[in-house]
Structures are given as C-alpha cells and as structure tokens.
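Enquirer: Handing you a structure now.
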C-alpha cells in the first residue's frame, strides 16, 4: 500500500503583510512561517533588554545591614530592627464559572509588602520590601545615607554611670509601661484615646492622645499600637523633667513589725495594656504574689484546637479559652481582672475594630 505524506499549510498575518508555509506537521509549518516573517517583516524589531544590574552596589558585596552594623558599633549605638505588620490589600472578589469551580485564569494575587522599623540611637528609619530581609536592607540604606556624615557622639563621663544604669533598666521596658509606672508613683491618672483616623483602608493613619495628669501628647502611626507608643514616647520626655520625689525616711521599729504599704490601684488603672502585664503590675503594686497560670485541658481537632487556661490569685480562680495557649492565658487574665473589680482592658470600640 502506498503511504501519502500529509502536508500542512499555515498562514501568518502581521498588519498588512501575509506569509504562507508548509510542513509535515502543524508545529513545523508554524515554525517555518515564523522564521520567514522574522526575516521579511518590515515592522520594527523589539529592543533587547539590558542585563540586570547587581542590586547590591556596595564594594566587596557587603550588604547594607552589615555595613550599618559596623558604623553603629563605632558610634556606640546598636542598630535595632523591629518588624511592622504588613499593610493589608483590598480583597478582590474571586471569579467562579458555571460549575462553581474557582477560575484561576482571572485570579491576580497581590504581592505582600513587609515593613521594618530601624532605630539607631535617637534616629528612626523605616524600610519596605518584598521580603523581610529586603525591608531591612532598605532601612539600613536610609540609615547609612543619614549617619555617614554625622560626627560620632562622645562617650559620657564616669559621673553619669549611675544614670546610664537606670537608662539601661528602662530600655528593657516599653514606653507605655514606663508611663504607667511613673504615673503610679506620682498618683497621676493616665488615659489613652484615639482622636483621629484617616486614610484609605490599606493605608490607615491613626492619631492617639495620652494624658498623664496635667501633661498630654499626641502620636501618629499606621496602626493604633504604633501611634499609642509614639504618644507615650513624647510624654515621657516631659515626665522625666519633673523633679525627683522626696525620699521619706521612716523610723525603724524594733519591737513592732513594719506594716505593709499596699498601693491601691483604681479600677481604670492599666486600661489599654495587655491583660497579662496589667494583672502582674497590679499584683506587684499590691506587693502580693504573682498570678499562677495552669493549663487545664487541650481539646478539639488538630486544626481547631481549644486550650483552657486557669489563673489563681489567693482564693480567686478564673479561666479562659482560646485557639492557642497565649490567647487562652490572655483571656484568663482578663477574666480575673473583671472578677477583681477592674474595668475591661480593651474598650468596646477597640474590640469592634479588631
């Protein structure tokens, strides 16, 4: 039997020009007509893209973070990186076909952007990038540009060593905790309030006002937590200017036991703080034993776990539940605070926002 070789013909049109070619298969015919069009076409050919330049322009392939660490050591100011929450993007409605299946053709995932806060001494910088490391590099580059031409600060005298030790102790505490600690010692009321909220949903801006007795300050940030922290940092500068409290020396009692001085914290004390830290500070102010937390049970499916945590203070017992141990412990501390007569740590408006 005779076998007839089958030939395929393909036609290609670009603008007003048309080419035809044949091949033993459709693919070969397409390749032949494409080669013919490339050589004979009068249309301008695309310009070749230049090779990608090296992102790291530092000599010796030194990353900005490594270079900044060396500069920070010379200045005696450590470089501290703090990750910030990535800004959310608006939710786009997914497309579904007639069978209810997800149509991936029209799904465009939005890239996630990371943000980092960099602190070098009294200077603050912000960086962003597609990864956490890229955001750190971006912040380090900004810090290098700002600090390379600044003089290196002189070391403090030996007479200030005592003050430096106090500053080192305060460095381990958050600005908000320091505000509450100073206010408690001076018997001054403290309140935090979000007074302004602006910007689109993916770029919100908050302004928080803090009032400590007669002092007040405002802070702005892309989250309520950041604006609250900046407000506390500003008011701390004013509170540290206050004269030191007089030291009252009490006469020693040789035959009677010295009575315990119990600091009474009002029901509004510590509002806005983490319930676990708030409960611990209240017990510390009362000079009583710290709260005792015990995990009672762990139940549920692997992806829907529920933890039950118990907290005990003296004869008072309270429990809290949550999807992990941390949240269960936090809810148990909040339940104990309400049981002891203190107001809720988080206002109803903040709970609705969350």
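From the backbone N, Cα and C atoms, a Cβ is placed for every residue, glycine too.
If you look up TrEMBL, you'll see 51-62 marked as compositional bias 'Polar residues'. The annotation compositional bias 'Basic and acidic residues' is assigned in TrEMBL to 161-170. The domain 'DRBM' annotation in TrEMBL covers 63-149, 174-241, 274-342. Annotation source TrEMBL lists region 'Disordered' at 30-62, 146-170.
Could you give the neighbours, burial and distances for every feature on this list?
Expert: Summarising model confidence by region, the domain 'DRBM' (174-241) averages a pLDDT of 88.
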Enquirer: Counting by DSSP, what is the helix, strand and coil composition of the domain 'DRBM' (274-342)?
Expert: 26 helix, 23 strand, 20 coil
Enquirer: Please list the DSSP helix, strand and coil residue counts for the domain 'DRBM' (174-241).
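Expert: Taking the domain 'DRBM' (174-241) as a whole: 30 helix, 24 strand, 14 coil.
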